[in-house]
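TrEMBL has this to say about the protein:
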{"type": "DOMAIN", "residues": "28-251", "note": "domain 'RNase H type-2'"}
{"type": "BINDING", "residues": "Asp34, Glu35, Asp142", "note": "divalent metal cation binding site"}
Amino acid sequence: MDLGEFEADNSVSCRLASAIPDVCKTEDCCLGIDEAGRGPVLGPMVYGICFCPVAKKEALKDLKVADSKTLTEAQREDLFRKLDEAKSFVGWALQILSPNTISTSMLQRSKYNLNALSHDAAIGLVQFALDSGVQLKEVFVDTVGPAEKYQEKLSQRFPGVEVTVRPKADSLFPIVSAASICAKVARDHSVKDWNFPEDLGEVDADYGSGYPNDPKTKAWLLKELDPVFGYPQFVRFSWSTTQTLLDSKAVTVHWDDDEEDGEKAAARQNNTSMLSYFKTGSKTSAQQGNTHQTHRFFTERRLQSLATL
């Protein structure tokens, strides 16, 4: 599997897809959706879809696809190769959600949780298939959250398509199993060959599966923690595992209450407010009565503070 487009910039999300089989543009098709990497603290989460004509369901079964979690890495690689070779009637697409995307989404001021991210990724992939001309008749989904509500949401979003949402759908429907294999292979490749964009020198690549309870992952998180900068973007900062380690091992950072005036907060902590550096001739307790000298950045550029406009 070629992940070159994602590897070129793994700080953002990326969509990859196979060619659309001609038969999928003329015959009613079924489509399966599944993900890989929802739980790990390291690496991306990958959403995958796989689709084929309804009349080719038995041919898909003949490929002996199964839930990716029940297969070895070698078996998944072999099955993905077979799916990719069946391009005359099978197509696939992936949405790779980078760990940076996950972290910034979940930690932004207006919360965007993992379920919402997952739903939007799935909806985006179904829409991609429709926009590509795939004649969708049936969609099968491994549930995220309550199955009935998710099914209703997808049915309203895609009227005319028969939507089935089930727990463990990857073990019930071969087309979902195929999507699961595509997603898992992409996730495994991205984690194994992760390119660290940060200038970190030699980074220990023995980080295990990326799951919080993996001893190798635990050891790697402790080893690679920088007390000031935390972790590279390979790590999901929004995970409680990460936050606990940063709180206990990293340098403490105090953020003033947004509603508190900056100068009052500085005075309370007996510090100099950053605002004071923009004033001429101001006096602070930290300067003990000495006249504040304007920084040369301002004097060299002939910049002055204005009290009024």
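From the backbone N, Cα and C atoms, a Cβ is placed for every residue, glycine too.
The 10 Å shell around the Cβ of Glu35 (divalent metal cation binding site) contains 22 further Cβ atoms across the protein chains shown.
Each residue in Ile33, Ala36, Tyr47, Gly48, Val141, Val144, Ala169, Asp170, Val176, Ala179, Ser180, Ala183 lies on the same chain as Asp34, Glu35, Asp142 and has a C-beta within 8 Å of the C-beta centroid of that divalent metal cation site, without being one of the site residues. Among the listed binding-site residues, namely Asp34, Asp142, the Cβ with the most fellow Cβ atoms inside 10 Å is that of Asp34.
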